[in-house]
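What Swiss-Prot says about this protein:
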- G11, T12, G13, K14, T15, T16, R117: ATP binding site (BINDING)
- T15: Mg(2+) binding site (BINDING)
- D33, R57, G79, R136: substrate binding site (BINDING)
Amino acid sequence: MKNIVLTGFMGTGKTTVGKKVATTLHFNFIDTDKLVEKMAGMSVAEIFEKHGEEYFRKLEKAAVIKASRLKNHVIATGGGVVLNPSNIVQLRKNGVIILLKARPEVILRNISKTKDRPLLAVEDPEKRIRELLEEREPFYRFADYTIDVSDKTIEEVAEEVIRAYIKLKGR
């Protein structure tokens, strides 16, 4: 079976929804950021701090290659995976790519519960979210299906992901 690839900006629920979908479909779950952390032996925030974004993106590309070779997985990608077109090519080979998107204020509310968001360690995080969303918008167009999660529960999003996957997996 093809993989389900969840992509989108940080704080859109990729990991939470991905785990729920994986459980429902009896798939395995993998998070590319967690794979990067395992490869580096440190957190994403530490990688950014000690080695910079470019080094992180190299590790991320290796994680994407590894994850894309799997079968029957729900793959939650890091928010910036889309910035490298070769990542999309890899993930599409054996996956249906579903974009989870949300309004900036929803993203800010969701990520304010967590720390270790190196790209948002700025004075005005909502403004930075808007800038990054605008910058990434062209890259998000590659998705096979898009879900606006802003006003939906985790369960509703998971159900929509499953419906989209069933519809698109045979193409």
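Glycine too: its Cβ is placed from the backbone N, Cα and C atoms.
When the record's substrate-binding residues D33, R57, G79, R136 are compared pairwise by CA position, the greatest distance found is 18 Å. Of all the binding-site residues listed (T12, T15, T16), T12 sits in the most crowded Cβ setting, with the most other Cβ atoms within 10 Å. Comparing Cα positions, D33 (substrate binding site) lies closest to K14 out of the binding-site residues T12, G13, K14, T16.
A 10 Å cutoff on Cβ-Cβ distances gives G79 (substrate binding site) a total of 19 other Cβ atoms nearby, all chains included. Between the alpha carbons (Cα) of R136 (substrate binding site) and G13 (ATP binding site) lies a span of roughly 17 Å. G79 (substrate binding site) has T12 nearby among the binding-site residues T12, G13, T15, T16, counting only those with a Cα within 10 angstroms of its own Cα.
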